[in-house]
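Participant: Please read through the structure below; I'll follow up with questions.
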C-alpha cells in the first residue's frame, strides 16, 4: 500500500512535467474506483495546473477552477507518458495535457480514488487530520500531550490520522524498532525522552524513504516506472522469524489494530 513517502515521491516525480501546463481532457476507463469518479473533474479541462501538493496520502492537482484529488489506495501508481502511449490493463484514468503528455493512473485493485473539490472548499476527506509528520508542528511536546491517559497501543496511536497523518504500517514498524519501543505499549506510558526519540525516528525514517524513492513491495512504481528502493533498508517489516539485526533473536509478528506488526521481543520494551 502506498504510504506517505510513496505519495510524496509521486508528487515530486510528476510535478516538473505538469505544473504550468494546461489540462486538455480527462479519460475515464471505469466509472468507479473506491468511489464513483465525479464528472465534475471535467470542469478542470482547459485550466492551467498551478500547483501539485500533498496532504497526508492525498495528491492535490490545483487549478483556479478547482482541484483534482488523487488517492493511490492499495495498489495505485501514476506515470507521465507520451499521449500516444497505449493503455495497459488497469490503466483507469488519463489526465491529458496540451503539451502532448498524459498523467496515467494505474490501479489493479481499484481501491484508490479520484475526487474533485471546488476552489477554496476543502474536500471532506481532508478534514479532521493531524499535522504532517515532517513539520515542526509534529514534535515530542505535541504527541506527549495528545497521549496523556491513552491506553491504546503506541503503534495504533501513531497511525491515527487525527494524531499525525501519513505514518503508515511499514514506517510505524520501522520507527518503533529504531526507538526500541514495543508496539503494544500504551501510548500514555511513554516517557518524554521516548517520545523525543520516536518522533526523531519517524521523521528520519520517512525522509530516508523519500530519498530512496519509497518502498516497492508489489505494485508501487515511481512516476518514471522505476521501483522504490527503501525495501532494501527495512529492518523488521515483513521479516518475522528472521534474526533481529541488533540481538539475533527471531523477530516476531502479531496483529495490532488489524495490521501485521513486526518487532523484536528482546530489544523493544
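Each Cβ is built from the backbone N, Cα and C atoms, and glycine gets one as well.
Note that the structure is a prediction, hence the values are computed from the model and not measured.
Annotations for this protein, taken from Swiss-Prot, read as follows:
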{"type": "ACT_SITE", "residues": "2", "note": "active site, schiff-base intermediate with DNA"}
{"type": "ACT_SITE", "residues": "3", "note": "active site, proton donor"}
{"type": "ACT_SITE", "residues": "57", "note": "active site, proton donor"}
{"type": "BINDING", "residues": "90, 109, 150", "note": "DNA binding site"}
{"type": "ZN_FING", "residues": "235-269", "note": "zinc finger"}
{"type": "ACT_SITE", "residues": "259", "note": "active site, proton donor"}
Participant: Within 10 Å of the Cβ of residue 2 (active site, schiff-base intermediate with DNA), how many other Cβ atoms can be counted across all chains shown?
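Facilitator: Result for residue 2 (active site, schiff-base intermediate with DNA): 27 other Cβ atoms within 10 Å.
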Participant: Using DSSP, break the zinc finger (235-269) down into helix, strand and coil residues and give each count.
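Facilitator: Each residue of the zinc finger (235-269) counted once, the result is 0 helix, 12 strand, 23 coil.
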Participant: Would you mind reading off the Cα separation of residue 90 (DNA binding site) from residue 3 (active site, proton donor), to the nearest angstrom?
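Facilitator: Just about 20 Å between their Cα atoms.
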Participant: Are there any residues at least 6 positions away along the chain from residue 57 (active site, proton donor) with a Cβ closer than 8 Å to its Cβ? List them or say none.
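Facilitator: Residue 57 (active site, proton donor) has long-range Cβ partners 2, 3, 4, 7, 71, 72, 165, 166, 168.
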Participant: Under a three-state reduction of DSSP output, how is residue 90 (DNA binding site) classified: helix, strand, or coil?
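Facilitator: Once the DSSP labels are grouped into three classes, residue 90 (DNA binding site) ends up as coil.
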Participant: Taking only the residues the record lists as binding DNA, namely 90, 109, 150, what is the largest Cα to Cα distance between any two of them, in Å to the nearest whole number?
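Facilitator: Taking every pair of listed residues, the largest Cα separation comes to 42 Å.
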Participant: What is the separation, in Å, between the Cα atoms of residue 150 (DNA binding site) and residue 259 (active site, proton donor)?
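Facilitator: With distance taken Cα to Cα, residue 259 (active site, proton donor) is 20 Å from residue 150 (DNA binding site).
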Participant: Taking only the Cα atoms, work out how far residue 259 (active site, proton donor) lies from residue 109 (DNA binding site), in Å, as a whole number.
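Facilitator: Counting only the Cα atoms, the answer is 19 Å.
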